[in-house]
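Peer 1: Structure incoming, see below.
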């Protein structure tokens, strides 16, 4: 496996080098880097041109300039060497530019990718399992709509409803009874579609969902919950335990109690840690959250191992997935409890432009909510588009796998349908999807340019386009470097995933 | 899309883009740079100004005198587009842009500013301008005693000596290269070779102009803090001023070096050291208020010498123009100047009453210019030009394309003054008898017969495409003019005005484009006089040349007005081209904001932002 990975890495580096060379040559030959200065009427035009030539090194042959860039770029990966991505034609440090652009773009793209994978795979599998049902048709219809959505237009709609109308509404969040009924009806309808079963069961699902949602909405409305929401540790534990049960049911079922116990122990341990650390958590901090996240994973893996016995691997998996879900829920709990404080500081919470509110002063959780709400709309937009394709791919590969002989054999043996889908079919269906996601990630980075623009973010796409327009190779090269590296890394991750998903590849 | 007029001098003040030709490819370049409006109609025009825009303009185009406002602890959000703020010194080639200027203008006050219709407005809070002698033109500038930089240093003659030095031809190094990278070049120093005379640390100085130049008053007034420059160069203010006036370039070199590089902010988010960037205006850069790619914040400060501003903070967000309407609706921006289209207007009007929408004519005006180059059928054929002018449906163009946006829009019958200027009627009356108001197809046929040209006459109308409005204009012209024997061909293309494009090669008969009026008196000389850089069609008329020369070398508003009448008449009689209309502009703003007045010579809608505040 290691050799295989290193071979793949070696090839990737070569490809990256070739691509970089090609892009460099193409960029510097795509126009006249002095064009704007040639047309200037400034008296010191010649001096300006001279200065630009010096800054960009235009007096040197292309291979020298390329070698200089390459030396600096290699320095970014090889320790002990200076990382230097050159300067723009205005003398700006490209490394600094890249850092800020990259952080903006990655924030968008990573969030969108993770969400798209989760939602896309879940929806894809459900629609494959319920193929040719009403649910499947609705999903297919939706997927095609989202897939062909013009981004700029969807962005305008999102801003209208997700920002402007939402902000108007949140100022005085009242719901009429009709609105509550409609929302509850839709939820019930969707749930019975997704869960399926015979008509009686469907009716029951829909009815129960309708009642629960209606009651919840009525409570929220009466309690002014939309402005001042709270969850509390009790709800956190309840939700996490529910998630633990769900994960267990998907992975092993309940015949093996020790796995369930592992999940529940994780929730218990999580609750204790959260309670013990509540003062620290109240202050917040990204480093703290990251540290706690790592700790959570370590602790839950250990819990899984301890409970595991002969089901060790499954128990560990269930435990850490439960742990991750629980940490997300805890973060949500803290964020939610600061929502009303943030609304005081920022009466219209969702902005239509910008990555953060200008001069926003609040504590960690308020700032977290501020950047979070800003992230919401562009992430939703990027997610919608990716979800569409991911769900289609998942559906088709799942359908293909479900037709395989070994699935029939498994069913013939009397393996439960849950086990057939999660254990035998799902894993194999993920293999083609892994490839797609790896490819898609790099193209999402460049594809985010329209989204970045309409939401007023300054990201990689912008840097690339501005560089190209000005025939300024350095920003373009660092774009290539970042997207290229992302592609290589994602492909590496995909390779490792293959090995995990399909043990034959490891040999 | 539109062009900036370039005055021979005062390039910087006129905000003439260095890329005159590139500007026509423009998209959103157009709004912040060009348009300008008039004072709000309801203010009445009781103006006593009979002058050309040269002299002090009437009150209703300048800032209203509101006295001290109570500064509200509030923030106003505005956007000039996507361009990042690039530095405190907006007169270097790398920082010189309208976007940067709009932001920096909020931080500076000086002897004068542009009024809403492009007029010259004197700022008497800052100081006074007094003409001592007409020949040679000698002007005394007096800075009010209380005027100081935000760090407490008084504003003195030294600051204006530095300004002169940065635009003086004497400031060159041993190789003859200018010491200062000033975008305006050295016109100021050439017109006033002796520079400002007076005690560098005093509040008064005198400038003597060797040659009288119509736009002399725009030359003085964009200063940077001499005390900061002197300190950075390790000299005293007196030493610096003396070195500049003496032409001691060796001594000035370190100062110039700082002037060129010390006030640039190429790395977004990294604000300059506050000590280096004192301001004379009511706002200064707020520490920690610049987030690269997102926004920059200016804040009011207590020590300001002048009338207190209405609002504590103004945030300029860097957001693409097409996001502005929704941002206004959501309160992310509080005032916007979007592209003036029927769609945007309808969108904005749908937001009433929370949002107030106003339309107004800008200083950008559309016109058809004949090609006088060799080979053009119009070149030596006045009758044919007249025939074309007779068939162009000017009223119809305005009615169908402009009135839907600005109901008050009229056909424009002059080139140097706009319909909303006080002197417009007088100039038009003297220059134009209304003969081309409505198409006269029979008259046009007769004129073609008179010229003896063989019909159909191919007329290629060129413009920078894509531009739907111009495409519509050409088709309206075609519908009318094809009837009388012309064959109109639409040759609009992306590179029409670009170097090496259709315009340069002369493969057109009529060019359709817009000039952006600058408020300068003499800038038209660049367009209509023989051999001038912006005389694209290579028009030449000795009489016109002579009249322009008279205008440009006079400082007398009366002379300016008389000359404008003569020039307009000559250009109508000889048909240099056909003016069509002033572009409409649209602004939308939060209805609770007070004192928002459409305008934008180059300061944009925020030109009087210090007077804005939210009504409770």
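Just so it is clear, glycine is given a Cβ too, placed from its N, Cα and C backbone atoms.
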Peer 1: In TrEMBL, which of A:81-103, A:104-126 is tagged transmembrane segment?
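Peer 2: Feature transmembrane segment in TrEMBL: residues A:104-126.
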Peer 1: Given the ranges A:138-157, A:338-357, A:398-417, which one is assigned the annotation transmembrane segment in TrEMBL?
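Peer 2: It is A:138-157 that TrEMBL annotates as transmembrane segment.
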Peer 1: Establish whether the number of Cβ pairs under 8 Å between the transmembrane segment (A:375-393) and the transmembrane segment (A:315-336) reaches at least three, counting only pairs separated by 6 or more residues.
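Peer 2: By the criterion, they do not touch.
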Peer 1: Hey, does the transmembrane segment (A:104-126) touch the transmembrane segment (A:429-450), meaning at least 3 C-beta pairs closer than 8 angstroms, sequence gap 6 or more?
Peer 2: yes
Peer 1: Using a cut-off of under 8 Å between C-beta atoms, tell me which stretch among A:9-28, A:177-196, A:203-220, A:315-336 contacts the transmembrane segment (A:476-501) the most.
Peer 2: A:9-28
Peer 1: Hey, which bits of the same chain come close to the transmembrane segment (A:203-220), Cβ under 8 Å, at least six residues off its ends?
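Peer 2: Counting only partners 6 or more residues beyond its ends, the transmembrane segment (A:203-220) has Cβ contacts under 8 Å with 175, 180-181, 183-185, 187-189, 191-192, 195, 197, 226, 229.
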